Amino acid sequence: MNTQDVINIFKQADAILEGHFILTSGRHSATFLQKAKVFMHADLTEKLCRGLAQEIKRHVEGKIDYVVGPAIGGLIPSYETSRHLGVPSIWVERENGVFRLRRFEVEKGARVVIVEDIVTTGLSIRETIEALVAVEADVVASACIIDRSGGKVDVGVPLIALAEYEIVSYTRDTLPHELSKIPAVKPGSRDI
């Protein structure tokens, strides 16, 4: 599966939105990838996550003990990807604003791969790494369906992307004039 295949799946689900969006990262963009519109279709989700699992197998040497997803956005892709890898899926969730592994225990040194939906700045992956390092897990890699940075983001471990699809994003201070005229919508899940 290549980048165009992934984009075609998003188009098939009407999941590429145009307007003025405040991303989960806090950055602004004229394009939003509404992965919920893809994930509501099990067949499309299965295709993407099967492809992501194949990429993980190609890039990660050795055993994987767990796939870990950051709640909320990483829950569905991490679960479906773990199914294709044949390993358990667990997740981190926010407690007082900080990701924690609350419902699960992992063995010291357990080899884990973090699976996220869409990466822009990599903050959720970095916060997930912190939570896993705190319980002495070995984060061997991270993976995502789409890397919006076009391969530029550094999350601290290898990032395996099913697709790199660079979409320009802006800080509030650097918004183009035409985008600043459009009312902003915040469809992400960071503050939930």
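Placed from the backbone N, Cα and C atoms, the Cβ positions cover glycine too.
Keep in mind it's a predicted model, so treat the numbers as computed, not measured.
Per Swiss-Prot, the feature 5-phospho-alpha-D-ribose 1-diphosphate binding site maps to Glu116, Asp117, Ile118, Val119, Thr120, Thr121, Gly122, Leu123, Ser124. Secondary structure at Ser124 (5-phospho-alpha-D-ribose 1-diphosphate binding site), taken from DSSP and collapsed to helix, strand or coil, is helix.
Cβ environment of Arg148 (orotate binding site): Leu33, Ile118, Val119, Thr120, Tyr165, Glu166, Ile167, Ser169 lie under 8 Å away, each six or more residues apart in the same chain. The orotate binding site feature in Swiss-Prot is assigned to Thr120, Arg148; the stated evidence is sequence analysis.
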